[in-house]
Amino acid sequence: MTENVHPTVPLTDPLPYDALLLCSFGGPNGPEDVIPFLRNVTRGKGIPEERLAEVGEHYHHFDGRSPINEQNLALVAALEEELRRRGVSLPVIWGNRNWHPYTVDTLRDAAAFGARRILTIVTSAYASYSGSRQYREHLAAALAELKADAPRIDVLRPFFNEPGFVDANRHAIEEAASGLDGGLDGAHIVYVTHSIPDTMQDASAVTGPGYREQHEDVRATIDAALAQRYGVEIASSLAYCSRSGDPRTPWLEPDVNDHIEVLAGQGVRKIVIAPIGFISDHMEVAFDLDVEALETAAEQGVSAVRADTVGVRRAFVSGLVDMVLERAARERGETVEARTAGSLPAFPDDAPAGSCRMRHGEVTGIPVIAGHED
Ligand SMILES: CC1=C(CCC(=O)O)c2cc3nc(cc4[nH]c(cc5[nH]c(cc1n2)c(C)c5CCC(=O)O)c(CCC(=O)O)c4C)C(CCC(=O)O)=C3C
Ligand SMILES: [Fe+2]
């Protein structure tokens with residue numbers, strides 16, 4: 001039960017980059033932040049006030065505080081540590097889309113300290129409007145606000161099939177399964193990610209493998225690795241959590257709770273819930289999975305455990321640092337191959353023009369940076 005920390009390429013030069021930005025979603029730090037945060041998240045999206053109040057309740061279960069900010073700070077510290085361990089000098093900074101510290105403020109400070117070229121890691125492993133293009137729209141808006149002081153920003157490609165990310169997820173599943181009677185043998189793994197509208201799924205599949213297909217590939221890769229390690233057949237499926245919006249609008253299904261009921265009806269008695277769609281145990285994981293999905297399983301008489309998200313697991317952090325140094329080398333004009341796990345190719349460094357254009361069936365028309373240009 002060890003994590004394979006992949007042999008790292010001997011790259012130690014971060015140039016042309018002079019900072020690494022972790023760009024994330026943001027979340028409230030206390031009860032008074034909850035509604036202003038939710039207004040930021042839903043600005044311009046036509047999400048009804050009732051839905052905000054309902055989502056706000058989820059946060060109030062946790063004293064109005066999302067775990068996401070601490071988790072991002074832990075990831076910043078882990079990235080700094082891994083860079084230091086490799087003798088790479090590259091400051092790591094943090095900015096969010098929807099709450100303090102806002103990206104624009106972080107970038108303004110970085111520029112004041114002389115940062116001219118910054119590589120961004122977004123905290124979404126998979127490409128879709130929400131996980132990729134929306135971050136690039138957000139970064140474009142921040143640069144527009146900074147005008148002449150704006151640094152140049154690149155964005156790291158989606159990392160769902162980076163070997164360390166896949167391996168860290170596999171390891172988390174093994175650890176969780178060790179808490180089930182008989183371990184993985186006879187268990188069903190329910191891989192979970194955030195649901196998105198069907199229109200967003202379709203748009204994600206226009207220029208390459210879509211959001212669903214990216215997850216299916218990770219599922220297949222982990223299943224194969226587990227089957228080989230344990231010599232057992234792995235039964236698994238992909239389900240979705242956290243759908244919102246108008247119930248008449250189709251989103252990716254099955255919902256994780258409905259799916260657990262179906263599995264229970266088919267006689268499944270042991271489940272590992274594996275939230276491969278998220279990189280940290282934030283609110284969707286804490287509420288939708290640990291509160292709701294585990295309760296559904298208990299009601300159905302199914303033993304269920306929830307695997308950790310990759311968080312700051314060594315294989316994951318090390319894989320991200322590999323990607324950063326490889327990208328830097330490519331920007332310097334060196335030829336460095338992108339390593340992947342699974343059957344899909346590495347996504348291009350810059351998102352293809354016209355990719356992930358649709359949010360809810362309409363083209364946003366919002367300016368972007370570093371790919372997705374129409
Ligand atoms: C694909 C995806 C990711 C993963 C990629 C990524 O990381 O970006 C993600 C992450 C997150 N989503 C989060 C929270 C929310 N998402 C919402 C709304 C929505 N998410 C969507 C998709 C995604 N979301 C969609 C299609 C909507 C509908 C409206 C829209 O088109 O945007 C709403 C509004 C209320 C509601 O309707 O539920 C909230 C509060 C948090 C923070 C959690 C915390 O606080 O710990 C995180 C990390
Ligand atoms: Fe979301």
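Any Cβ shown, glycine's included, is placed from N, Cα and C.
As recorded in TrEMBL, the features of this protein are as follows:
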type	residues	note
BINDING	S66, Y135	Fe-coproporphyrin III binding site
BINDING	H194, E284	Fe(2+) binding site
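Projection of TrEMBL feature records onto the structure.
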residue : record                             : Cβ neighbours (10 Å)
S66     : Fe-coproporphyrin III binding site : 24
Y135    : Fe-coproporphyrin III binding site : 25
H194    : Fe(2+) binding site                : 22
E284    : Fe(2+) binding site                : 20
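Calculated from their C-alpha atoms, the gap between S66 (Fe-coproporphyrin III binding site) and H194 (Fe(2+) binding site) amounts to 17 Å. You'll find the Cα of Y135 (Fe-coproporphyrin III binding site) roughly 16 Å from the Cα of H194 (Fe(2+) binding site). Listed binding-site residues: S66, Y135, H194. Those with a CB atom under 6 Å from ligand 1: S66, H194.
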